[in-house]
Amino acid sequence: MRVVVTGAAGFIGGHAVAALTRAGHDVLAVDAPARSLTPGRARERFAALGVPTAHVDLAEDPLDAVADADAVVHLAGRPGVRTSWGAGRAAVARDNVEATRRLLDACRDSGAKVVLASSSSVYGTAGARPSRETDPPLPASPYAESKVEVERLAAKAADAGVAVAVLRYFSVYGPGQRPDMAFHRFIEAALDGRPLPLFGDGGHLRSFTHVRDAVAATLAALTRPLPGGVVVNVGSAEPVSVLDALERIATALGVPAAVTRRPLVAGDVSRTWADPGRAAHLLGWRPTTTLDDGLADQIAWHRSLR
Ligand SMILES: NC(=O)c1ccc[n+]([C@@H]2O[C@H](COP(=O)([O-])OP(=O)(O)OC[C@H]3O[C@@H](n4cnc5c(N)ncnc54)[C@H](O)[C@@H]3O)[C@@H](O)[C@H]2O)c1
């Protein structure tokens, strides 16, 4: 298949490009590195992908490159709850909502299949059981609201005949993780001999999901026949507290689990918890990387950068 990966200079996008290429697809990598939270890093990664690339700002440039594809894996966007407040609101409206609106319009015209990234944040704080795709959204930040809107656009596009699947990723980690994310900050601090920066008391739970598993679900969504507009959780069924993860990192690196506490940021929900039943049923997917193995993998990547 000719597959366009948007957000290819990003964390999940880079892994998706590699996995699709390994699976024998013709990949065109699309990104606008200037729109990344870390533009310098995105430029470097984009140049090193080893597949054809196209600089396309999905929110304003013509989308001809996308229109030639059999399928699009749409990972471009402005991630992160914390940076979505204040001035970040305009960025999530532009790079999540407007970019996706234009992309879905282009795919309606071309007939390309679309797999696009949503987020566990649409659920808000999970209750006493894992979140299911049928639960009502309770977005608690501008980022989460933008993903609810992205999902609404996908549902409309599906009604108009676009073969679109929406994946709700849960706290993805692994080699190449974004610098604003918790494990990246913990590991870098530990390797520097600094205390680990912890937002809140660390009691918040996350369905941490290794990027290899997230990408496996993405490829399955691309190749399997799915109901139009389907929404699927891509997350581990076993949430772990951020403090537990931090202690595992400290143990793996042989450093004390000393922390500097920072206040929790509005919109940082106290629990995400995936019910991956639909992913198992429709995608034949279940996560296979344990948290300890996945952390070892990410730690090895951080060490390789030094
Ligand atoms: N990483 C996670 O844990 C996680 C969890 C849930 C959802 N998601 C979603 O998955 C997707 C990928 O996340 P990531 O962690 O790889 O983020 P990332 O920031 O590493 O990658 C996103 C990429 O999109 C590009 N981009 C932004 N705006 C663009 C535009 N207008 N046109 C073209 N490219 C643009 C950026 O340059 C960047 O390279 C995002 O939609 C994010 O919201 C990620």
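Heads up, the Cβ atoms here are built off N, Cα and C, so glycines get one too.
All TrEMBL annotations are machine predictions without curation.
Just so it is clear, the model here is predicted, and its values are computed rather than measured.
Over in TrEMBL, the protein carries these features:
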DOMAIN    3-235  domain 'NAD-dependent epimerase/dehydratase'
REGION    124-143  region 'Disordered'
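Here the domain 'NAD-dependent epimerase/dehydratase' (3-235) has a mean pLDDT of 97 out of 100. Break the region 'Disordered' (124-143) down by DSSP state and the numbers are 2 helix, 1 strand, 17 coil.
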